[in-house]
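According to TrEMBL, the protein has these features:
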- 37-161: domain 'Ig-like' (DOMAIN)
- 167-264: domain 'Ig-like' (DOMAIN)
- 274-369: domain 'Ig-like' (DOMAIN)
- 375-467: domain 'Ig-like' (DOMAIN)
- 472-560: domain 'Ig-like' (DOMAIN)
- 569-659: domain 'Fibronectin type-III' (DOMAIN)
- 672-693: transmembrane segment (TRANSMEM)
Amino acid sequence: MGSLDFTALEKYTSDLQPMVRFKIVILSKRPLGLLFPCALVLWLFKVAKNETLRIEACPGTTAGLPCSALLPHKDPSDRSLAAFWYKDDQVAPFYMVDGRTSQDIDQGRHRRLSTLGHRAVFNVSDRVLYLEVESREDSGMFVCRVDSYRSLTRTSTVELHVKAPTPKLVIYNGDTVLGDVVGPYNEGSDLELTCELTGIESGPVQVLWRIQGRTVDSTFKASPNGRIRNDYLLRSLHRSQWMETLSCLAVRNHNSSGEPSLITSVQLDLFLKPLGVRITPAHEHTRAGTVLELHCRSWGSRPPADITWWTANHRFVSNVSTSSRLGPDGSTDSTIRLYPPASDHGLVVTCRAENPVMPGVAVSDKTVLNVTFPPKVLLSLKTYSSSSISEGDTVALICNVMSNPPVGQVHWIFVQETSVPPDTKLFPMDGPQTLVLERLQPWHKGSYRCKANNSEGVGESSSLWLAVRHRPICRSGQRVSYGAQLGETLSVKCEVEAEPQDVTFHWGVSSPARTTALDFSSRGLRSVASYTPVEESHLGALFCWANNSAGEQHVPCTFTVFKPEVPNPPKNCRATNRTRTSFMVTCELGYDGGAAQVFHFRTSPKKAHSAELSLVSPRPVFSVTGLPEGTVFEVRVFARNKMGRSGEVVLETSTSNGQRNGTTGWSTNRSIFVSSLFVICFSIIFFGIAAVLRRRPRPFLL
């Protein structure tokens, strides 16, 4: 066999495809060794058939050029290493992805090798080259070449055809292309519209703005990329321009008739401010807490205005109903139902109409509420010294009255804390709105109120507590008599009133000057002493006095210790709450004889011979149930202490027969004495109530 020029073979194979570079290495120069290189050459000539794909694009768009040569490999060990893009017959690529260093094209380095390459991006995962098309000069054949680790180099071809531009006239605002109706824009705002002509390849052209056939702007300018634009500024849009037609025209200079080659028009839509607002009725009075309806109408807004109701910076949300209608006047109606309290008198209510898309542009109307109400009374205290209020000081009580309509006279109410000395004149019952208390005494301590009235009703203040700083004094109404047998230990309670209340107690026997010590304990304004009379001479008086920061108590509290005796019977017993099977007996306390007492209740049917019912209670109140119907009972009530029992109080009562309930209370005395006993009992009750009222705090009308 003849010899083979291997150098020529290598050159020949390398010239087969300009895009592919191969190198054949001959392992043996023996004749049989020629079989392998020949087979290799034949295999290398099996290049995949390229199919040309046609892509169309316009200037100013992005064209996607697929690379079908970049395909998945059947052999997992094989992978693509690099991709190159060529245009037309250019030898050098304008874009490449080099993954030879990382052995993977997905992690390859992207290199843009020409001006064309700087407008391109190759997405390896999508196998698409994205090219920004500028002009028709970008048309041509684009070849994608892919080198792999093991397999043959593959190529694919795409034809890009850039179409000639179509003349186009576009109106836009900023970057937004506008349609037939532009806006809406706010009334009073400025609007800049731009009309741009594109796709004109030759010939001078004017771009004009016209409104209702009148040219309003003929200033245009051309850019190097062949675009012609005219910017038109409309200042302070007026409501009369709503739905006005604006036209943009492209006219060639050689067109003597002035007829436009292209024309596009837009209508101007506007948001309109409300023209006015009114509240009806303008001034209306209402009683506090009753309903008040106010109506408000707004007009001239587009879209219809939102109506809101305000007072100061507070917006009413509840009890508001609003209706809108888009008519020639763009009106909106709103009604608010108010239940104004007295504090709303003189309040300014504002109806505000605002275009919902034009915040900050509102019109409003106002009305002042006239609310009638009973007096609102507030009592305050004014002092004339910087320190706390003490005995001998002067203070003023100020009755602040707010009312509509105004009030007449003011009335003062005083609930004393301590008993008032006899014949003490406190202050007038009716007086001015300021009450001056001079030379304060402990009995001025208490709760004060004032009240006033007008045609709407009566108002009364809350209580104001007046604390007068004073030395301790004995609390009225406390127990002052104690019955004790010789050798019996008593717990004697002493209570005082003082301001301030941090007091210290002292106890003595028979006289404050005596130094006999007693065991006692104190807490707050109360002290309890333990005392055991051993001899008759030990019966007598115990004295308790206290002191605080205001001074020492002038007159001590005196407690009498004596031998206890049998208690007196309970008083004024009567049967009440009678039913068919029950009744109740209530009595008043009698003298306890100086010792703790309990009360006994016994009853039995008067005519029948049955067991007697017996009850014991710490209070003379007894309730009996489960009795036979229509039966007369005899009731006996008495008191008992450690010294013995009192006499009995005998009553007669009965269960009802189902017709009516009643109250009975018969004495065992004969009927001839009923009238005289009634007079005596009434007198006792009257003087007893008078005595009790003098010993306990009570309200005074001042």
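The first residue you see is number 1, and the count goes up from there.
Cβ from N, Cα, C; glycine included.
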Segment confidence, the domain 'Ig-like' (37-161), expressed as mean pLDDT:
83
Output the single range from 37-161, 167-264, 569-659 maximising the number of Cβ pairs under 8 Å to the domain 'Ig-like' (274-369).
167-264
The domain 'Ig-like' (167-264) - residue tally per DSSP class, helix then strand then coil:
3 helix, 54 strand, 41 coil
Using DSSP, what's the helix, strand and coil tally for the domain 'Ig-like' (37-161)?
17 helix, 53 strand, 55 coil
